[in-house]
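First up is the structure itself, then whatever we jot down about it.
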Amino acid sequence: MYQDLIRNELNEAAETLANFLKDDANIHAIQRAALLLADSFKAGGKVLSCGNGGSHCDAMHFAEELTGRYRENRPGYPAIAISDVSHISCVGNDFGFNDIFSRYVEAVGREGDVLLGISTSGNSANVIKAIAAAREKGMKVITLTGKDGGKMAGTADIEIRVPHFGYADRIQEIHIKVIHILIQLIEKEMVK
């Protein structure tokens, strides 16, 4: 009944991944991002992550795998997803939704820390404001974006962009693969 649809969805996902994989710049950006994160951890820094909707879930998943575990039994790494409901509702009410991430970065971000901002469109105003706040704090910035990078294009130290112009779910599928690879590389780098 839905077998053709299922095959089409899986083929499109595989094609999106294959296109991403063809660009060596993506491979280099992932490696650079992992090394930047590991260097921050080794120097006593932390990573803050943020995004909206599915990207918010990815930001939480990234932090959870770092503080908990991914594949290896090892110490937890300092990672915080900006996901505290009381913070988000307070700042959203008192300042506005566009400030929910930047206020948190202002409060706990420090020089030597890293911000991971995730947006499939690259146009999330609250993530863009978080990037600006991170810059003011002297933090490094890594972004996971899609399409043409949107307004976030060129704002990060390292941008990992999925140049897919269809639905956001294909971009999110690559983002979660990138997140898992980042964690795997961080685990390898931290035991050196």
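Cβ atoms are placed via backbone N, Cα and C, with glycine included.
Marked as domain 'SIS' by Swiss-Prot: 37-192. For N52, G53, G54, E65, N93, D94, S119, T120, S121, S124, Q172, the entry in Swiss-Prot reads substrate binding site, with the evidence type sequence analysis. Sequence annotations record features per position, and here Swiss-Prot assigns Zn(2+) binding site to H61, E65, Q172, H180 based on sequence analysis.
For S119 (substrate binding site), the nearest neighbour among the listed binding-site residues (H61, E65, H180), judged by C-alpha distance, is H61. Sequence-distant contacts (6 or more apart, same chain, Cβ under 8 Å) of S121 (substrate binding site) comprise T145, G146, K147, G150, A168. When the alpha carbons of N93 (substrate binding site) and H61 (Zn(2+) binding site) are compared, the span between them is 26 angstrom.
By a simple count of nearby Cβ atoms, those within 10 Å, the most crowded of the binding-site residues N52, N93, S119 is S119. Between the CA atoms of Q172 (substrate binding site) and H180 (Zn(2+) binding site) there is a gap of 12 Å, rounded to the nearest whole number. Within 10 Å of the Cβ of E65 (Zn(2+) binding site) there are 20 other Cβ atoms, across all protein chains.
Note: the Cα of N52 (substrate binding site) and the Cα of H61 (Zn(2+) binding site) are spaced 13 Å from each other. Counting only same-chain residues six or more apart in sequence, the Cβ atoms lying under 8 angstroms from the Cβ of G54 (substrate binding site) belong to T120, A168, D169, Q172. The number of other Cβ atoms within 10 Å of the Cβ belonging to H61 (Zn(2+) binding site), over all protein chains shown, comes to 17. For H180 (Zn(2+) binding site), applying a Cβ distance below 8 Å and a minimum sequence separation of six or more within one chain yields E65, Y70. Taken residue by residue with DSSP, N52 (substrate binding site) is part of neither helix nor strand, so it is coil.
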